Amino acid sequence: MNEYSLFTSESVSEGHPDKIADQISDAVLDAIIARDKQARVACETMVKTGVAIVAGEITTSAWVDLEDLVRRVINDIGYTSSDVGFDGNTCGVLNLIGKQSVDIAQGVDRSKPEDQGAGDQGLMFGYATNETDSYMPAPIHYSHRLVERQAELRKHGLLPWLRPDAKSQLTFRYDAQGKPCAVDAVVLSTQHDPDIDQDELREMVKREIIEEVIPAEWLTETTKYHINPTGNFVIGGPVGDCGLTGRKIIVDTYGGMARHGGGAFSGKDPSKVDRSAAYAGRYVAKNVVAAGLAERCEIQVSYAIGVAEPTSVSVDTFGTGKISDAKIVELVREHFDLRPNAITRMLDLLHPMYQLTAAYGHFGREPFETSYTWTDVGGKQHVETFTAFPWEKTDRADALRQAAGL
């Protein structure tokens, strides 16, 4: 039985100030990792009225036109004019990038890649549930889809009065079996042009966004709708609020349904276990649930800086396991190598896939094949193919099921 009769999660659009910062940080990471797979990247961004500040520690042999990159990200989101609150063409870009500390580097780098130490101490969680096809909790899954739909309508000109900044929040009702059965409340706030009538806005948002995203059987007569509940939302983006990398860690993960170790993802290369171990945790948990070993699974993994082997691995299936949690831990250790370098190899993480993750959730996305081209120092071009969102694969579920004897 689920602990909650009601549960709420929220999401924000790609035009939310904090998400602008996340996307810039991950665009910098992508640009570098496409050229230098040995790079160390920890990139933080702040955006506020008329300025984007990029700071952090980066050690790389690659060169990136950071100012041009920042402007392209901002423009691609839709901030192309001061009329909408931010202009990627004219904003100031301040570069405060330094190099990684030699003290950190000596704890991470090893002559044998498999002995690579964790980039920091910390604890990370992975989670999966069978309540949706994406193996994600319904509140966060559909909250993401609402703001994703808002961006789709805006970018395709179907609701041309929409602007980039938006937030969603969903309260789901759960039944006695712990399954989502209805939406109790919908909150959707979207930035808009000043000349749109609020009644028209609410009608169109309800019809074209909410009812297009949420299954009809979950929208009942008692569902409450709060669409732009404060009225006008003309001023948004970095004018309305300062945006910072790493400020939406619950939006990025499981919407509060699972625990969080506290480390943000964006702007960090895979040597940072804050990111790579959280991805591995999702991979493990999703395969455990897909294998039918449990209906819900949360895994915790922890590390010490400079040490390759995790300091702990634990599993909680919340009473839904078909075998004991201790047995699942044994299977996890047998089928998944959770040392930092092994995670990078297992999930093939040294590719420019990270800006894709920086809006609408790092988890619950469909993995897909894509490619990119890079040029070496001799001027030769190379094409590499990789899987985006590789931690969403369920390719180890069969092996886990067989090993569990199910």
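First residue shown is number 1, and so on along the chain.
Any Cβ shown, glycine's included, is placed from N, Cα and C.
Your range for region 'Flexible loop', going by Swiss-Prot and the list 100-110, 254-264, 320-330, is 100-110.
The distance from the Cα of Ala166 (ATP binding site) to the Cα of Glu57 (L-methionine binding site) comes to 31 Å. When pLDDT is averaged over the region 'Flexible loop' (100-110), the result is 58. Lys268 (ATP binding site): 27 other CB atoms within 10 A of its CB, across all protein chains. Asp241 (ATP binding site) has its Cα within 10 Å of the Cα of these binding-site residues: Asp18, taken from Asp18, Glu44, Glu57, Lys272. Counting every protein chain shown, the Cβ of Glu57 (L-methionine binding site) has 16 other Cβ atoms within 10 Å. Lys248 (ATP binding site) is surrounded by 24 other CB atoms, counting those within 10 A of its CB over all protein chains shown.
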